[in-house]
Amino acid sequence: MPISKVYARSVYDSRGNPTVEVELTTEKGTFRSIVPSGASTGVHEALELRDGDKSKWLGKGVLTAVSNVNNIIAPALVKANVDVTNQQQVDDLLLSLDGTANKSKLGANAILGVSLAASKAGAAAKNVPLYQHLADLAGAKTQPFVLPVPFLNVLNGGSHAGGALALQEFMIAPTGAETFAEALRMGSEVYHNLKSLTKKRYGASAGNVGDEGGVAPNIQTAEEALDLIVDAIKAAGYEGKIDIGLDCASSEFYKDGKYDLDFKNPESDPSKWLSGPQLADLYHELVKKYPIVSIEDPFAEDDWEAWSHFYKTAGVQIVADDLTVTNPVRIATAIEKKAADALLLKVNQIGSLSESIKAANDSFAANWGVMVSHRSGETEDTFIADLVVGLRTGQIKTGAPARSERLAKLNQLLRIEEELGSNAIFAGKKFHNGNQL
């Protein structure tokens, strides 16, 4: 089924920044996709094209990317008469129009918007749900489908929040649930308990939420944050059923080969900065003391030695985000160096659906886990909910169970689970091996 029209416009993300929306039309109708954007972005990511005109949107406009869709991509895609169900052909055309390694000519935000809208049109052309079409494209098993464990970011630190806390995300993972719906209820109840406890201990304003819906109290250390979360889990009555995940985003506090856990203090004392092995010891202590099952970006994006050293003895899932930025070349290096055992999959880091699927399949081939992820600047687009089910990864992180741009994905997963009925299983404790269930 050919594409008759492609049109892009500038809309806004959850932080009030401009982002690209693409509408792609076939005889089945018009299909829309909105591109997200990140706050802590890896240096090896595909390029998100921003206008840089400081007189508009403080330099963050995306009119160039929008114009690239409307004036370069749209005519080429319509003229090429590609079948919208052939995602690889669509993406190959987009990549050839750009011609750069990091999509800097047209912008990853322009290319991705078209790529994702095409996949929605492809599903409609086949009269199947989007997750089924994505499973077909990935060659994934669909008997049964796997619903993911939601890693819910309930407490924020690092670059996502004020306060001295260096680590960026503290997530709860309801691995002891029987279904996705039950997991989300458990997560929601813990979240509300956490909000009440936080306000009690840190004052009413501590209940205010960060970019991803988590609370951001003025907490100094990781232990303090983890104690608060464990207390909330106990208060909700789910001890032993809810585990914890961390996203350290360590590249944000890596300075001169050391890790500065006091990086938000301009007067930080360099004699207290930690070496890679010292930071690894801190993680080991946390894993011993708390029900932590997953640690993302424990070290900086080019500190390969620290990653490999820690992975040998970690004993929990080690997720690579800034290290790999969903890039097949970086993933291959991480696999070879035994630096991690799970990929954080962000479609806008690599900038096309076909490349994202390849990144996931490369990871599965090495017995890695894959966690599908939102970005901190999100929208009402629910694509990643279908993606996590289609790819069968068994784990997703899409913020707290609060703020509509986060709930949009979680609610879509509720719908998918209901629609699949007995052809759905919940990943639960086996979230790391979702694709093998």
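Heads up, the Cβ atoms here are built off N, Cα and C, so glycines get one too.
Copied over from Swiss-Prot:
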type     : residues                                                               : note
BINDING  : HIS160, GLU169, GLU296, ASP321, SER373, HIS374, ARG375, SER376, LYS397 : substrate binding site
ACT_SITE : GLU212                                                                 : active site, proton donor
BINDING  : ASP247, GLU296, ASP321                                                 : Mg(2+) binding site
ACT_SITE : LYS346                                                                 : active site, proton acceptor
Recorded positions clustered about SER373 (substrate binding site) [Cα within 10 Å; pool: GLU212, ASP247, LYS346]: LYS346
Neighbour-count leader, CB within 10 A, recorded positions: GLU212, ASP321: GLU212
Cα separation, LYS346 (active site, proton acceptor) to LYS397 (substrate binding site) (Å, whole number): 10
Helix, strand or coil at LYS346 (active site, proton acceptor) [DSSP, three-state]: coil
Same chain, 6+ residues apart, C-beta under 8 Å of the C-beta of ASP247 (Mg(2+) binding site), given in sequence order: ASN153, LEU167, GLN168, GLU169, MET171, GLU296, ASP297, VAL319, ASP321, LYS397
Recorded positions listed as LYS346, ARG375, LYS397, least Cβ neighbours within 10 Å: LYS346
For LYS397 (substrate binding site), the three-state class that DSSP assigns: strand
Extra residues within 8 Å (Cβ to Cβ centroid of ASP247, GLU296, ASP321), Mg(2+): GLN168, GLU169, LEU246, CYS248, ALA249, ILE295, ASP297, VAL319, ALA320, ASP322, LEU344, SER373
